[in-house]
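Copied over from TrEMBL:
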TRANSMEM  12-30  transmembrane segment
TRANSMEM  36-57  transmembrane segment
TRANSMEM  69-90  transmembrane segment
TRANSMEM  105-125  transmembrane segment
TRANSMEM  137-160  transmembrane segment
TRANSMEM  172-196  transmembrane segment
TRANSMEM  287-309  transmembrane segment
TRANSMEM  321-339  transmembrane segment
TRANSMEM  351-370  transmembrane segment
TRANSMEM  376-398  transmembrane segment
TRANSMEM  410-430  transmembrane segment
TRANSMEM  442-460  transmembrane segment
Amino acid sequence: MVCGVLIRGFSFFLLPLYTSYLTTVDYGITSLVSSFLITGSFLVAASLYSAIFRFYVDLKHDTVRLSRFYGTIILFVLLISIIASIVMILGKKIVGYYFFNNIDFFPTIFISILSLVFYCQYTIYENILKSQQQAGKYAIITLIFFILTLVLNILFVVHFKLGANGVLLANLITYAVYFFVMLIDLWKSSMIIWCLDKRLLKEALLYSIPIIPHNLSTHITVFLSKLFIGDIGNLGDVGLFAIASQFGGIADIVQGYVNSAYGPWLYEQMTILNDSVRKNIAKISEILTYVIGFFLLGIALFSHDYIILLLDKGYASSWKYIPLIVSVFLIKILYYFYVEILFYHKKASRLIFVATLSSSLVNVVISYYLIGILGITGSILADFISMLIRVGIVIAISKRFEDIGLKLSKLVYIIMVVVVFMGIGLYFTYLNYPFTFSYIEFGYRVVVMFTYLGFVLYKFRAEFKQFLNQKKNLLGGKNG
């Protein structure tokens, strides 16, 4: 987990290097291909990645059947992905028109199609290691392949100046090497038997195929949004959208890790639920909303400076979309709080796909129309509307199962507070300094940030004082 965060963080700080050698069109192509691989892999692999987790629990004590299961999944996905690749190559005109905004088939689309074969295997191996809880091995392998990808990118993009094709070629080589490492690792550990076990395959497909819509929904909306943006505008616009979305990715990481701690804590509280516990849950959820809001506010206020000062001038306008993307993630805070109620109740967890799938379908329809009118802003607005729908459905379903004390009105109020601070902080940036850096204006945003922090600390001064006293007593006890 820590390794993954560090790698994503390091990748983020490599943006100045990449944007110096990649035009916005190049970046748009790499972003479009990335979405194609993720979306295509779920379809080609029939979402069997999820089956790897589920079936490991049942088969881990039967080494032979587990080895046959791994061999079956790997071979089946390999065969299907090769067949799919051949079909796409034969239908290259259709594929290029509908999935790649008519970019050149060779070498760009050709490399992307080949990458799909190995990307599926790359994801299978990741899930095998995760399901077996081999965190150390996974971290080491991930780090090694990150370094390999970085070296290849520098070689192809910086030295040979291959642009987007250099990035795609580096990824293809990395995925291919990863595939052979998987085969060697599974063979050396006697964890693979090459076969197509019809019974195991049937059971796995019966499990994985029904959850394809759930796994695919979010990714396909992103992919289609990029296609719509590229079709209405150009791939340069897709590149700008991709840069802005990376800052949204930071917001997602913050929320994800807060939620990974909040979820288990909430489940414990729900086993002893009473009025006192409900009040505690309400208080903690409010504090967490302010804390997450602090980080999201920071992303919204200071992404401008990172882009203006460090990235190529061609990417300067991308910062304008980041506060809008952050607003979507502010709404998503509510989703994380309420969806945990559904995860806790097994019957309710089956209904999550209703919220995910319906909101994604709405997103696609709205994106198609709004992107034609508003461009990139239309895509973000569609995300905002669909997130509101998703949150609304999840809240409605959760109310049918249990009231854990969450105060929706207070949580919405906190989100509005963050939005107000965001608006105050960015007013002069939008008005006077959209493409330039000003120390005075930067200082103003720092003051806004600290004002928000002071507001939160004052509001929870009693809880903060209690926390400091606990730390003081703890340190005093150790010294004693």
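Each Cβ is built from the backbone N, Cα and C atoms, and glycine gets one as well.
Computed from a predicted structure; not experimentally measured.
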Maximum Cβ pairs under 8 Å to the transmembrane segment (12-30) - stretch from the list 69-90, 137-160, 172-196: 137-160
Contact between the transmembrane segment (442-460) and the transmembrane segment (287-309) (3 or more Cβ pairs under 8 Å, separation 6+): yes
The transmembrane segment (105-125) touching the transmembrane segment (172-196) per 3+ Cβ pairs under 8 Å rule: yes
Intrachain neighbours beyond the transmembrane segment (36-57), with Cβ under 8 angstroms and 6 or more residues off its ends: 66, 69, 73, 76-77, 80-81, 84, 99-100, 112, 115-116, 119-120, 123-124, 127-128, 130-132, 200, 203-205, 207-209, 211-212, 215-216, 219-220, 223
Annotated stretches the transmembrane segment (287-309) and the transmembrane segment (105-125) touching (3 or more Cβ pairs under 8 Å): no
Close approaches to the transmembrane segment (105-125) from elsewhere in its chain (Cβ under 8 angstroms; 6 or more beyond its ends): 29, 33, 36-37, 40-41, 44-45, 48-49, 52, 73-74, 77-78, 81-82, 84-85, 88-89, 92, 95-96, 164-165, 168-169, 171-172, 175-176, 178-179, 181-182, 185
Beyond the flanks of the transmembrane segment (69-90) by 6 or more, those residues with Cβ under 8 Å of it: 40, 44-46, 48, 51-52, 55, 59, 110, 113-114, 116-117, 120-121, 124, 128, 182, 186, 191-197, 200-201, 204
